[in-house]
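Notes for the one structure printed next.
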Amino acid sequence: MSKSLSWDDLKCEIQPWIRTAIESMGFETMTPVQASTIPLFSGNKDVVVESVTGSGKTIAFVIPILERLIKEEANSAKFKKSHFHSLIISPTRELASQIHDVIEDFLKYYPDNLYPIRSQLLVGTSSASVRDDINSFTDNRPQILVGTPGRVLDFLQKTNVKTASCGTVVLDEADKLLDLNFQKDVETILKMLPKQRRTGLFSATIESAGAQIFKTGMRNPVKVAVKSNSSAPSSLSINYIVIPPKDKLQLLLTLLNNYRFKKCIVYFPTCISVTYFYAFINHLKELNLIQDDLKLFSLHGKLQTQSRMKTLDSFTSNLTDAVLFTTDVAARGIDIPDVDLVIQLDPPTDADIFIHRCGRTGRANRIGKALVFLNEGREEDYVPFLEVKNVKLEEESVELKGVENLTKIFHDWILHDRARFDHSVRAYVAFIKYYSKHTASSIFRFHSMDFIGVANFYGLLRLPRMPEITRYAADQIPEEGWLVSPPVNLDTFAYLDKQKEKARLQELQNLKQISDKKKLKSELKKKNMAWSDKTLTKEAKAERRAAMAIKRKAIEEKLLRGDEESEDEVEQDWKDLVRQNKKKKHNSMQGSFDDL
């Protein structure tokens with residue numbers, strides 16, 4: 001079932017204003033998942049919905065929620081104070097915000113003469129506390145709540161909020177919500193809601209949730225699985241490029257400079273990698289080595305919520321060519337118009353996330369392309385591994401046409417500020433830890449990782465001291481770990497930030513003073529030792545050496561004479577010799593202490 005259908009063919013009636021809203025938003029036809037889900041979820045069925053990314057799952061649950069809410073309003077005039085009707089939970093703030101925006105877009109067409117329907121977004125922000133959410137809930141009396149698990153749980157636990165009237169709950173990206181990171185909060189929330197309710201689970205990879213599905217309190221759920229020859233939509237092509245780690249940055253710059261796209265999302269493995277490469281590639285842009293009209297954005301989970309929302313809104317509404325550097329915080333569910341290229345510098349630790357990342361492009365039957373970089377060798381086995389999950393990848397080759405003298409430019413940029421040197425090391429260490437936790441460890445083997453190649457990708461001047469590197473790549477480590485020649489004088493390598501540099505110099509001075517004190521103390525100890533003690537020490541050592549020599553000579557003579565003494569006895573003599581030597585040494589040391 002791959003073709004789109006007319007809204008006239010929907011097997012249930014929907015409100016005229018909802019139909020107007022759908023057409024005004026440009027959804028002239030419905031997708032298979034919408035045609036299958038809306039009639040079931042609008043009625044009295046719990047649903048488990050699995051469909052490829054970009055297939056319209058959000059609208060498939062928003063319309064039933066609105067339909068059920070309108071029926072409830074008609075039957076009970078209006079909801080009691082402190083009660084709500086529907087709850088939608090998503091794993092990220094960005095996705096929750098997007099779902100809330102979709103609901104608000106529908107409500108723009110809601111008739112003014114009817115009792116107002118309102119929605120409220122519940123996500124943690126630095127500017128809004130749970131108390132602020134409660135005040136807004138009390139004042140506006142919304143019937144639909146949309147939020148992330150932690151904030152929703154905090155909200156529902158307040159005495160001002162009553163859950164008895166909640167008739168519908170939706171878990172969007174349900175497999176993520178039911179994994180170990182969110183499972184406890186989600187199960188607690190579900191236990192607080194009425195048992196007589198409608199529950200909907202939605203995801204592109206719902207099967208990975210396994211037995212956890214049965215803990216959501218559904219009653220005889222209907223599974224809606226839209227069949228496809230691939231886990232990705234037909235409008236999306238997924239390709240891989242085999243490239244050594246040291247050339248990954250050059251390949252990325254080649255694609256950004258030469259590939260035609262309107263919007264591109266580049267996925268990095270860690271938050272610090274995003275900020276690090278965002279800063280450096282902006283530097284290349286200032287040098288006119290990246291196309292001038294390309295606008296860069298960065299987004300990751302360590303940013304404040306308001307900053308994340310603002311960045312996402314800016315990237316979404318940007319009219320010129322734009323690139324978003326991000327982590328998996330922007331991998332699930334987020335619908336950004338006009339994204340026609342997705343680049344993954346490294347495969348994610350979870351194969352399901354790979355599908356979600358790719359699904360940010362090729363949405364709603366638009367043409368999209370997803371690329372993933374794989375290291376030469378073992379990592380190429382990732383391709384057949386994904387085929388088992390019904391994801392087919394085609395190899396692609398790209399001629400490197402990035403930036404000349406890139407390594408020198410990279411190192412010069414780092415040498416301009418010691419903070420960048422620190423940043424490069426932290427980014428490298430974070431990646432090492434990330435790679436070591438890969439779930440497909442049979443493919444992404446930590447011990448066979450190209451530690452030096454990855455270090456070159458991150459522009460490292462010197463390898464950090466890490467047990468992982470010492471254990472698996474000791475033979476690859478250059479002298480003192482330096483990857484540049486000549487080595488950098490770390491005593492004079494300064495921070496641009498005056499306060500940080502002042503603190504560094506102070507610490508350097510303190511360390512020098514401590515070192516000088518230790519050196520002076522050692523010299524004084526040697527200098528102040530009594531001449532008689534020195535003589536006794538020398539004489540004791542000479543006596544031990546002489547005794548050892550006599551014993552050794554006696555044993556050697558035994559062996560030469562061929563005495564009938566067994567090998568065990570000879571070995572025992574050697575052991576006695578060593579034992580006596582240790583005992584004398586111990587007694588000598590003990591005597592020195594006793595004399596104090």
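Every residue gets a Cβ built from N, Cα and C, even glycine.
As annotated by Swiss-Prot, ATP binding site applies to Ser51, Val52, Thr53, Gly54, Ser55, Gly56, Lys57, Thr58. Val52 (ATP binding site) falls within neither a helix nor a strand when secondary structure is assigned with DSSP, and so counts as coil. Within 10 Å of the C-beta atom of Val52 (ATP binding site) sit 25 other C-beta atoms, taking all shown protein chains into account.
Here Swiss-Prot flags 497-558 as coiled coil, drawing on sequence analysis.
Positions annotated as domain 'Helicase ATP-binding' by Swiss-Prot, on the basis of sequence analysis: 38-224.
Taken from Swiss-Prot, the feature domain 'Helicase C-terminal' applies to 248-404, supported by sequence analysis.
Swiss-Prot lists 561-596 with the feature region 'Disordered'.
The motif 'Q motif' annotation in Swiss-Prot covers 7-35. A Cβ distance under 8 Å defines the sequence-distant neighbours of the motif 'Q motif' (7-35), meaning residues of its chain 6+ beyond its ends; these are 1, 42-43, 49, 51, 55-57, 59-60, 63, 66-67, 70, 105-106, 108-111, 224, 226.
Annotation source Swiss-Prot lists motif 'DEAD box' at 172-175. Note on the motif 'DEAD box' (172-175): its mean pLDDT in the predicted model is 90.
Secondary structure from DSSP puts Lys57 (ATP binding site) in a helix. Take the mean position of the Cβ atoms of Ser51, Val52, Thr53, Gly54, Ser55, Gly56, Lys57, Thr58, the recorded ATP site; other residues of that chain with a Cβ within 8 Å of it are Thr31, Val33, Ala204, Pro233, Gly359, Arg363. Neighbour list (Thr58 (ATP binding site), Cβ cut-off 8 Å, at least 6 residues apart, same chain): Gln98, Ile99, Val102, Asp172, Gly333, Asp335.
Sorting the motif 'DEAD box' (172-175) by DSSP state (H, G, I as helix; E, B as strand; all else coil) yields 2 helix, 1 strand, 1 coil.
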